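See structure below.
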Amino acid sequence: MSGDKPHGRLVILAGPSAVGKSTVVDRLRSDVPNLYFSVSMTTRDPRPGEVDGRDYFYVTAQEFQEKIDRGEMLEWADIHGGLQRSGTPAEPVRQAREEGRPVLVEVDLVGARNIARLIPEAETIFLAPPSWEVLVERLTGRGTESQDVINRRLETAREELAAQSEFKHVIINDDVDTAVSAIKAVLLGT
């Protein structure tokens, strides 16, 4: 990194499944110039419309473990009761920050805790639903998961909601425009 360019601001975004993280992130990607959005790696199957390398890097469990073993992951976790593994590749985040770009990392609760411990100057944002009932409605309305998967995601959501006080910022996603504006202000330090 050159001496006259500060590190880019690192913002960690977490929240329960179906809270609207993907919608908010899509808007931020188009609204924030020079934003580096960290693409997570996952062992889960793509949902309809998701693209490898844009939404996630989709890998097998074996490939994921090999990347961990080589030290190529900033953080990783087994999530939803062991249904899948997800994590953040380290090198692209480091490089974008050295270039002075704002960096947005979308992770689960465990990932947020791990990155915040490694990079304490990171800003942490918890994206919360307006209510538990709205979250349940959004999750079941997707129609992409079995009831067993929905139940596991709801169990995980209860744990995540209980931990929201650990985050520097809690933003309620009852209006996408308002949520995007609030996150944008944190990303840009305004």
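Cβ coordinates come from backbone N, Cα and C, glycine included.
Summarising the annotation, Swiss-Prot assigns ATP binding site to Gly15, Pro16, Ser17, Ala18, Val19, Gly20, Lys21, Ser22. Every protein chain shown contributes to the tally, and the Cβ of Pro16 (ATP binding site) ends up with 26 other Cβ atoms within 10 Å.
Residues annotated as domain 'Guanylate kinase-like' in Swiss-Prot, with sequence analysis given as evidence: 8-188.
Lys21 (ATP binding site) carries a helical DSSP state (H, G or I). Cβ neighbour count within 10 Å across all protein chains ranks Val19 highest among the binding-site residues Ala18, Val19. Neighbouring residues of the recorded ATP site, listed in sequence order and excluding Gly15, Pro16, Ser17, Ala18, Val19, Gly20, Lys21, Ser22, comprise Leu127, Pro129, Leu135, Arg138, Asn173 (Cβ within 8 Å of the Cβ centroid). Across the domain 'Guanylate kinase-like' (8-188), mean pLDDT in this model comes to 92.
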